[in-house]
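Heads up, the thing below is written out as structure tokens.
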Amino acid sequence: MKFAYKFSNLLGAFYRHGNLCFSKDGNSVISPVGNRISVFDLKNNKSETLPVSTTKNISCLGISPDGNLAILIDEDGAAVLVSLVTRAVLHHHHFHSPVHSVSFSPDGKKFVITKENVALMYHAPGRNREFNAFALDKSYYGPFDETTCIDWTDDSKCFAVGSKDMTTWIFGAERWANLIYYSLGGHKDIIVGCFFEKDSLDMYTVSQEGTLCVWESDTELEGLRNGPKYSERKKMEEEKKKREEGEGNKDDDDVEEIIGEDGETRGDVIKGSTDTPKQVEGIKNVRYSQRSKHYFNKAGDFNKLTAAAFHKKTHILVTGFASGAFHLHELPEFDLIHSLSISDQRISTIAMNPTGDWIGFGCSGLGQLLVWEWQSESYVFKQQGHFNNMNSLAYSPDGQYLVTGGDDGKVKVWNTNSGLCFVTFTEHSSSVTNVAFTSSGFVVVSASLDGTVRAFDLHRYRNFRTMTSPRPAQFSSLAVDSSGELVCAGSQDSFEIFLWSMQTGRLLEVLSGHEGPVSNLCFSPVQSVLASVSWDKTVRLWDMLDSWETKETLRLTSDGLAVTYRPDGQELAVASLDGEITFWNPQTGGQAGSIAGRHDLQMGRKETEKITAKQSAKGKSFTSLCYSADGESILAGGQSKFVCIYNIKEHVLMKKFEISCNLSLDAMEEFLDRRKMTEFGSLSLVDEGTGDGDGVELSLPGVKRGDMSSRRFKPEIRVSSLCFSPTGRSWAAASTEGLLIYSLDASLVFDPYDLDMDVTPASIRQQVKKKEWASAILLSFRLNEMPLIREVLEAVPYDQITVVCSSLPDVYVDKLLNFVASTLEKSNHLQFYLSWAQCLLTLHGQKLKNRSGAVLPTVQQLLKSIQRHSDDLSKLCDWNIYNIRYAAALSKQRGMKRTAAESLSDEEEEEEEVAMDSGVRKFFSSA
């Protein structure tokens, strides 16, 4: 089995914190999800999480105007420059303090970041390789409090910065003689947004108390005059010095040059003040006047304005409020276009696409991401993850869907191809502890702490069966047999196992015997046996054919947490509280081996813990197990940031995957930073408030979930559930950060088979030139380089496919079928690869059936690829059929109208001829 699994996608997390950005074409929205960013394609309805990450949660991001570069800045001010083309990190930089916003200039040559009470302007990275991609150009001072927002003029000559001191500052990006800085007031609260009018210096400023100020400038952008260069200004100052009596009488200026020790220019410093800047002789300074002032809130309404966005071409202003409502106004008249409430949580960020048709909203409280088309008043995109942690997950039999259950009582079904949720079931009233698919793949079963087990139909999207126990019980585990006819759930309070019939929903049996909460259940894939593990340190095997009597009782050394069968049903794996994984033979009841995995967990130390991570690790263990598709390896995860893959035969660790490097989560590091430790504990435990500027709220003592007792609560990193895909090419983990998917990228691994000195790319291509197709295919698989295999395979003529397939040995049949299954999913040559698959299955079907256990993951991968193409093409074909029917009906209707019109004209002509004949006869008769 190969272990080259790489991070593929992040599901269940759509927005966490920071600002949204649209792509250059406006068809994709880029959203920060923790310390990563996800790109949601709104046209093709797909999502992708980039394989780059920051040290902590992203607080703001900026996209270059050409859409090639992105700057990601985390909570501590550490910035990462990312190429959106190659998906690679280009540069790291640290601003040494939290950054509130970042914005590129419209010409893409510079960008500005705001931190503390200063705005820093940098030269934007170019296409050439540079040692320092972030070169500081100027530093702008003026605000007395933290800066909050940025906006540029269309020609990149000036930019505006809003501040918490209720002022807005306008700075010149270049040396302008009549505009160095300008301060605007007029507000009574924090500035949320400041926006320039299109091709103008006129401004709109929006504050948190719900006030809009319209500012008019007496100067156009073309009226800005170039100021003296630094060399000229320095020469003038030296001449002024000579005229003055003494040294050191230099007047203060608004602009200073910072010179480093090596004489290199570090950047200018522009120091603004409340006084009017000096006026250059003969040039009038830019001045602003308040044209009008508008209020969003009605009298007596104190709804806080939390986010704002302005589209310069359409003059549309979008504002979001703490109540979850948003308003659309047309400026400068302030005409209300639309108002709607999209959530009961505060709107954290708003963005508009370049055309101004779509509006993106992010709600950090719910993790919600919405894209609204304001002209048609409809949702383009609406996704929300689980409000609390995910507890469990399960793959569908074909690997196309994933189902998850969370602490918020919701059951969500995800499409693994698009990465989006297409249905959410909200019938449960408490935490969902376990979920499962039936063998058909169209029924989802879930167990909850509310005392119900529910079955959902994926055809009609409804809850068609609800199963309960005779007396109230909290279900902590769930299992469905291979036929999909039996459903069983274990309780954590009554220590019993309840068995229902899926067809009737009736309770069939209550299995008693455990003396502790039933932590996990699993049906044997080949026999009518149910395995249950409990906190009473036992694993019980229940025989369905023998009136559900206990067939075997296996004794553990500690409390049992997880149990799973090998795909062939010949082995049982159990995870216990002491960190061990034990393997049992279900036929004899003997132990086949064990793995001590406690040291592989490598637990970190939480900030609230008084003991070291080494001591804390003694109480940690694996809580989820899953066999690989071939049964040779096992995947284990639990109270740690690591997921481990063990070789079962050798009982050794094969590989560890670090699912997160986000230091915003708790228990990430083994040692705490001693610089933050005091005699009273860690400085990070200081309760500073919610982070939204509302101050410290009341604590809720004893709360474990939801609204935590401390405002500075940091979620702990853990893996609650693991599952291998039926195809074996990917696995998923439900973690604190969301639903992580790791896929097997075969192109990253060089794994030759039966390699020889004569097997080279040149010799393989020589066989292709000789039209020795079978020999070329065999050699290419021996070298096992995917691009070369694809080249050889696509060179085979269509009429030779049957001949080549019939001459392949059995080993290469499996390899070729696996390659066709993986390539078919992304290739455009649909009919070509389907022909290969058809010939392989037709000619070698019986042999493949005899070794079905080995080729089953490949067949499921092939079925998944064919099903996806079938779904895509069926929609297109149905659309074409409906259009053709409509065109035919319309043509037929027009033809009937044309025939009716022609017949009517013929009748009129006949009537005219008859009338003319009668008139002629009358004329001649009178004559």
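Cβ atoms are placed via backbone N, Cα and C, with glycine included.
Those TrEMBL annotations? Automatic predictions, nothing curated.
The feature region 'Disordered' is assigned by TrEMBL to 226-276 (among others).
Residues or ranges marked as compositional bias 'Basic and acidic residues' by TrEMBL: 230-249.
What TrEMBL records for 250-262 (among others) is compositional bias 'Acidic residues'.
The repeat 'WD' annotation in TrEMBL covers 383-424 (among others). Counting residues 6+ beyond its ends, the repeat 'WD' (383-424) has Cβ neighbours under 8 Å at 9, 11-14, 40, 45-49, 366-369, 430-437, 439-441, 444, 446, 448, 450, 454, 456, 458, 461, 705-706, 715, 720-721, 723-727, 730, 732, 734-736, 738-739, 741, 860-861, 863-864, 867-868 in the same chain.
Mean pLDDT for the repeat 'WD' (425-466) in this predicted model: 95. As annotated by TrEMBL, repeat 'WD' applies to 425-466 (among others).
Annotation source TrEMBL lists repeat 'WD' at 511-544 (among others). Below 8 angstroms of C-beta separation, residues 476-482, 486, 488-493, 495-499, 550-565, 567-569, 572, 574, 576, 584, 586, 589 of the same chain, each at least six residues beyond the ends of the repeat 'WD' (511-544), sit close to that stretch.
If you look at the repeat 'WD' (562-594), the same-chain residues 6 or more away from its ends with a CB under 8 A from one of its CBs are 519-527, 529, 531-533, 537, 539, 541, 552, 554, 556, 601, 620-627, 629-631, 634, 636, 638, 646, 648, 651, 853. The repeat 'WD' annotation in TrEMBL covers 562-594 (among others).
The domain 'Small-subunit processome Utp12' annotation in TrEMBL covers 784-887.
As annotated by TrEMBL, region 'Disordered' applies to 899-918 (among others).
Summarising the annotation, TrEMBL assigns compositional bias 'Acidic residues' to 904-915 (among others).
DSSP assignment over the repeat 'WD' (425-466) gives 0 helix, 24 strand, 18 coil.
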